[in-house]
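Asks: Pasting a structure below so you can have a look.
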């Protein structure tokens with residue numbers, strides 16, 4: 001038997017996770033554009049003094065229309081993933097993303113055009129945000145699945161960081177290049193996805209589910225770095241067939257089945273984790289960090305250097321990248337539950353301290369820098385410090401873990417729909433946050449962070465009571481875990497049995513050559529019959 005290597009699977013996961021880069025970059029790039037003079041002049045309004053300004057309402061519309069598009073795209077990909085396969089769906093939505101970028105970049109002064117462009121871009125971003133965890137979850141080895149799914153979050157954060165750097169580099173350009181360059185660069189990201197997708201294999205689980213066993217065997221061989229005729233390939237495909245048949249014994253799923261008696265818990269868990277993730281508070285910094293820090297008077301003297309809002313955003317982006325790196329290991333050593341519980345407590349502490357310190361020490365919005373007192377500056381420094389710690393904690397724990405959990409929780413027949421519901425929940429609350437947060441912050445300032453503090457405490461309780469540990473399990477074993485009814489707080493020591501049955505079925509029930517010729521049953525049909533007997 002040829003030595004097995006996961007090199008191909010890892011390289012595949014790294015490339016497909018680039019879909020997260022598109023997601024992160026597009027979220028981050030708009031933050032800096034909102035305070036660029038040329039952008040404000042083109043899409044803002046004129047006040048009584050004859051100066052251009054971008055109202056909180058326009059900021060909300062420009063920012064939140066992306067999230068509205070992502071909500072629709074996340075749900076729509078469930079149809080394309082089932083009909084066209086995972087690879088074809090990635091190609092289609094990457095093209096939609098690219099069209100949206102063209103619409104945004106081509107606008108001159110039209111508020112309508114830039115918002116439509118962001119909505120169309122959002123369709124692609126939302127669809128890819130669901131397909132990437134789906135695809136990586138179905139192609140990754142179980143021992144590396146958590147790590148490879150964390151790569152998706154790492155790419156999101158790298159995209160955010162690069163967008164902040166480019167905003168910093170271009171914001172002083174006195175014309176439309178200040179915002180067209182960072183926005184237009186997304187064309188390159190879309191073309192990378194479009195060109196690379198032609199080399200991606202289809203998900204072997206999707207191929208088996210649609211009856212294409214030979215194609216699935218070739219993909220399994222490629223992912224494991226062995227020849228197609230290696231005995232390991234037949235063994236792995238046989239085990240997958242058995243497990244898929246066990247998952248799908250009830251037939252083709254509908255949207256309603258996501259909330260059936262046997263599946264509603266995992267559907268709700270996936271949606272709730274995405275809901276809590278969005279109200280952690282970090283996206284408030286990502287979207288409105290520049291505007292919030294500027295209005296809070298934090299052009300502060302910090303380490304003997306005056307920090308602009310652009311520099312603060314770059315610092316937050318760099319912290320996020322650094323924080324996501326240890327998550328690649330912690331997701332498999334600590335597991336999902338411990339990561340979420342620890343992160344909720346750390347982020348809650350940061351949110352409450354930053355909110356109270358900011359409320360009681362910062363100067364009123366619009367205070368000139370030269371009028372800031374020592375108390376104001378100390379408060380600004382403290383707010384920035386705990387914002388950095390908040391974002392770092394999120395990057396380690398709550399950034400990647402809900403996406404990992406979402407990508408591994410559902411049986412094959414409803415996986416696209418289940419992940420679509422979770423992703424759509426993420427984007428729904430992303431939309432609501434991006435639409436209402438600037439209005440709320442304009443009224444209560446840093447006290448908005450106390451809202452996130454309350455949500456993080458709720459998140460801790462929810463994870464403890466309802467989220468089971470899925471570390472080290474195959475996707476089919478996760479399904480068995482949920483069916484077993486084990487309590488979440490006892491799930492760390494739970495052991496699966498279905499994979500052992502599948503292994504024995506493949507080795508003990510393998511027919512002779514004569515039986516292979518005479519039988520008319522496919523591998524999937526045999527597995528279904530075995531499951532029925534069990």
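Cβ coordinates are placed from backbone N, Cα and C, and glycine is handled just like the others.
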Asks: Which one of these stretches, 272-290, 291-309, 310-328, shows up in TrEMBL as transmembrane segment?
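Replies: Transmembrane segment, as annotated by TrEMBL, spans 310-328.
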Asks: Which of these ranges is annotated transmembrane segment in TrEMBL: 220-243, 244-267, 340-363?
Replies: 340-363
Asks: Between the transmembrane segment (60-78) and the stretches 90-107, 418-438, 444-467, work out which stretch tops the count of Cβ pairs under 8 Å.
Replies: 418-438
Asks: Quick one: do the transmembrane segment (418-438) and the transmembrane segment (310-328) have at least 3 Cβ pairs under 8 Å, skipping pairs fewer than 6 apart in sequence?
Replies: no
Asks: With pairs closer than 6 in sequence left out, are the transmembrane segment (148-166) and the transmembrane segment (340-363) joined by 3 or more CB pairs under 8 Å?
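Replies: With fewer than 3 qualifying Cβ pairs, these stretches do not touch.
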Asks: Does the chain bring the transmembrane segment (12-40) near the transmembrane segment (148-166), so that three or more CB pairs sit under 8 Å (pairs 6 or more apart in sequence)?
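Replies: When sequence-distant Cβ pairs are counted, the transmembrane segment (148-166) touches the transmembrane segment (12-40), since at least 3 lie under 8 Å.
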Asks: Give the nonlocal contacts of the transmembrane segment (444-467) in its own chain as ranges (CB under 8 Å, at least six residues past its ends).
Replies: 265, 269, 272-273, 276, 279-281, 284, 296, 336-337, 340-341, 344-345, 347-348, 351-352, 354-359, 362, 365, 383, 398, 405, 437, 488-489
Asks: For the transmembrane segment (90-107), give me same-chain residues lying six or more residues beyond its boundaries with a C-beta closer than 8 angstroms to one of its C-beta atoms, as numbers and ranges.
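Replies: Residues 16, 19, 22, 69, 73, 77, 80, 84, 113-114, 116-125, 127-128, 131, 135, 180, 183-184, 186-187, 190-191, 193-194, 197-198, 200.
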Asks: Does the transmembrane segment (383-406) come near the transmembrane segment (178-200), with 3+ Cβ pairs under 8 Å (pairs 6 or more apart)?
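Replies: By the criterion, they do not touch.
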